[in-house]
Structures are given as C-alpha cells and as structure tokens.
Amino acid sequence: MGMSKSIKVILSLALVVFLALAATKVEATRYITYPAIDRGDHAVHCDKAHPNTCKKKEANPYQRGCEKINRCRGG
C-alpha cells in the first residue's frame, strides 16, 4: 500500500505550488480610483476647450404618467 517515491514527489510539488498560489495577494482593488472615474466621465466627442459638447443627454426623459380620466391603462 505504499506509494512510489515519484508519486510522493509529484504530490509534494503540487502541494507546494498550490500553497504558493494561495498565499499570493490578489491585486484587485475594492474601490474605484480617481483616474478611473475621471476617464469615464466624459462623452466621446468631449472637448475641454468647448465644455458644451461634454454634456450628456438624459437617458430617460421625463414623461407625465397616465391620468385616470384618460383611461390609458385599461380602465
């Protein structure tokens, strides 16, 4: 029931590699840095000299809801 020496060596090396990978610090941050926020804050054709081109359009413009007297939702 004894394992051969080569299998023991392979398992030992695999364990060392696994522990080395598990001990490394992951470089992912849990917060957004200021340069990342600044890069994503401008429109595609935004020009610093002409700031009016930097204004974004409203995604969902306001529309009044349906009034009860109009019966636009089935009653």
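Every residue gets a Cβ built from N, Cα and C, even glycine.
Swiss-Prot lists a disulfide bond between Cys66 and one candidate from Cys54, Cys72; that candidate is Cys72. Fewest Cβ neighbours within 10 Å among the disulfide-bonded residues Cys54, Cys72: that distinction goes to Cys72. Note: the Cα of Cys54 (disulfide bond) and the Cα of Cys72 (disulfide bond) are spaced 38 Å from each other.
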